[in-house]
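Chemist: Would you mind keeping the following structure in view while I ask a few things?
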Amino acid sequence: MLKLVFAGTPDVAVPSLKAFAADPRFDVVGVITRPDAPTGRGRKLTPSPVKATALELGLPVIDLKPRSPEFMEALNNLHADIAAVIAYGNILPKNVLDAVPMGWYNLHFSNLPKWRGAAPAQRAIWAGDPTTGADVFKVGEGLDDGPIVASLTIELTGRETSGELLDRLAEEGAPMYVDALAAVGEGTATFTAQPAEGLEYAHKITVEDARISWTDEAEAIDRQVRACTPHPGAWTELFAEGPIADNDEPAAKPLTLHILAAQPADQSNPNTPAELQPGELKVGKKNVWVGTGSTPLELTQVKAQGKKAMRAADWARGARLSPAACVR
């Protein structure tokens, strides 16, 4: 039985933790995660999903900073043979990597070397990739550049959000992850160097990145919305009274409008506007459309500043928008 230490923090790491804990080939001797963080309106300290799961499973938890002497002492006391790390949220220094004899192995949500970095699933959706996947690779000091031990590939539907894609990859990747590390322990694993071609970086998506430019084409905005859902959330500024006609300046202070779901407008629907200017709003009885750099985009779910998430048509009726209302 391999003694395994597991490092992870968010929900996407939980299926893998549960899979290792349930597999008789492994003894999960410890779980490393980030410290409790303030959440919600009350800013109450809350354990990470991985810590909460570890405590439910009766597993010892280390939630110290990885560069502290106390962390190294706690890690060494586990006497782990092998380590799994998935979405931990901290860079592991060399002394930590060297402390586990068989090494550290990461489950990464792309087919490497494409989309190395922090947001692989999000970037795959935003780019309109037809496929993506998950790889298990040995962690080194470089960024996601270690040899691959196992890999799976899936087709994208073209309608999933990044949250849905991550959930799917987390579930489908977990059994592969467990089998890959078992093979490493048994000495039967194959280590394949990453190809030299096809390298792209999946930089973290910032709040400013998530702001919609309505001069982009409808299909591109649709991908942006899905890539940014649920985090950080695609958004725009709503000018409910519209611009002033003589100088095109907004008539009132704008409000933030989060776009939770949208899709390129159905051009076969007779109610769909034939043409709208970028950012121009058109409200129908059951639909809300926005002009883009190509065809209109239909908004299906939104969250206005200070309001709850709701169907776009319901929001528009309650907002009592001026006919000149626009988004920018």
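Even glycines carry a Cβ here, placed using N, Cα and C.
Straight from Swiss-Prot, here's the annotation block:
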| type | residues | note |
| --- | --- | --- |
| BINDING | SER110, ASN111, LEU112, PRO113 | (6S)-5,6,7,8-tetrahydrofolate binding site |
Chemist: From the centroid of the CB atoms of SER110, ASN111, LEU112, PRO113, the recorded (6S)-5,6,7,8-tetrahydrofolate site, which same-chain residues not already listed sit within 8 A by their CB, in sequence order?
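Modeler: What remains near the Cβ centre is HIS108, LYS114, TRP115, ARG116, PRO120, GLY133, ASP135, ASP144, GLN194, GLY198.
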Chemist: According to DSSP, collapsed to three classes, what secondary structure does PRO113 ((6S)-5,6,7,8-tetrahydrofolate binding site) have?
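Modeler: It is coil.
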Chemist: Could you tally the C-beta atoms, other than its own, that fall within 10 angstroms of the C-beta of ASN111 ((6S)-5,6,7,8-tetrahydrofolate binding site)?
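Modeler: Neighbour count, Cβ to Cβ under the 10 Å cut-off: 23.
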Chemist: Among all protein chains shown, how many Cβ atoms are found within 10 Å of the Cβ of PRO113 ((6S)-5,6,7,8-tetrahydrofolate binding site), not counting that one?
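Modeler: A 10 Å sphere around the Cβ of PRO113 ((6S)-5,6,7,8-tetrahydrofolate binding site) contains 19 other Cβ atoms.
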Chemist: For LEU112 ((6S)-5,6,7,8-tetrahydrofolate binding site), just count the other CB atoms lying within 10 A of its CB, please.
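Modeler: Its Cβ shell of radius 10 Å holds 22 other Cβ atoms.
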